[in-house]
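Q: Could you have a look at this structure, given as structure tokens, before my questions?
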Amino acid sequence: MLWNLQKSRPLWITNLQEDETEEMESPQSPGQLLNPALAHSVSVASCGNIFSCGAEDGKVRIFRVMGVKCEQEFGFKGHSLGVSQVCFLPESYLLLTGGNDGKIMLWDVSSEVEKKQKSPTKPTHRKKTKRASYTKQGGNTHASADEEEHGKILPKLSIEHGEKVNWLLSTRIKGYQNILVADQTSCISVYPLKEF
């Protein structure tokens, strides 16, 4: 919902479950449960008119504020389970996501946002793509092939945190960009973002 705080009423409302209509028409395997598209987290980019939404269906959706309404620019499958957290890095379209699958991913959505800004009526077609993901395990970072569908957006970084991500934040510590992560334990994990 986009709210007018002066009048205490919504200006714009969307229903994420309307996206599910296409998916529900495709056959499901017996015993497979469908996670509804419930919004878990929202983050606004520093430009002020682009925001992301992480949902229980594992998708990340990117919206653009256009006056008194919002339009969904694009969306992509970000995690195998619900996307519990989304967070834009300052002064960029780099988007951190954390999921119930225990993964933390960094996405660069700038090319899609800028493409939509130039020609908002052209549809994008998504297909399965192979990608290299960077997985952090035991302090080492290495590349591995993966065939998950992320549309045209490929993750710049994938960290196997191992626990459901309850909260994440990008911050500078001693001059270096880091990711702070809270999960169901009593500790805060810190992951460096040296390349970004």
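In case you wondered, yes, glycine gets a Cβ from its N, Cα and C as well.
TrEMBL annotations: computationally assigned, not manually curated.
Under the heading repeat 'WD', TrEMBL lists 76-117. Per TrEMBL, region 'Disordered' is recorded for 115-149. Residues or ranges marked as compositional bias 'Basic residues' in TrEMBL: 123-133. Residues or ranges marked as compositional bias 'Polar residues' by TrEMBL: 134-143.
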Q: Compute the average pLDDT of the predicted model within the repeat 'WD' (76-117).
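A: Within the repeat 'WD' (76-117), the model's average pLDDT equals 93.
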Q: Taking DSSP states H, G and I as helix and E and B as strand, how many residues of the repeat 'WD' (76-117) are helix, strand and coil?
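A: Helix (H, G, I), strand (E, B), coil: 8 helix, 20 strand, 14 coil.
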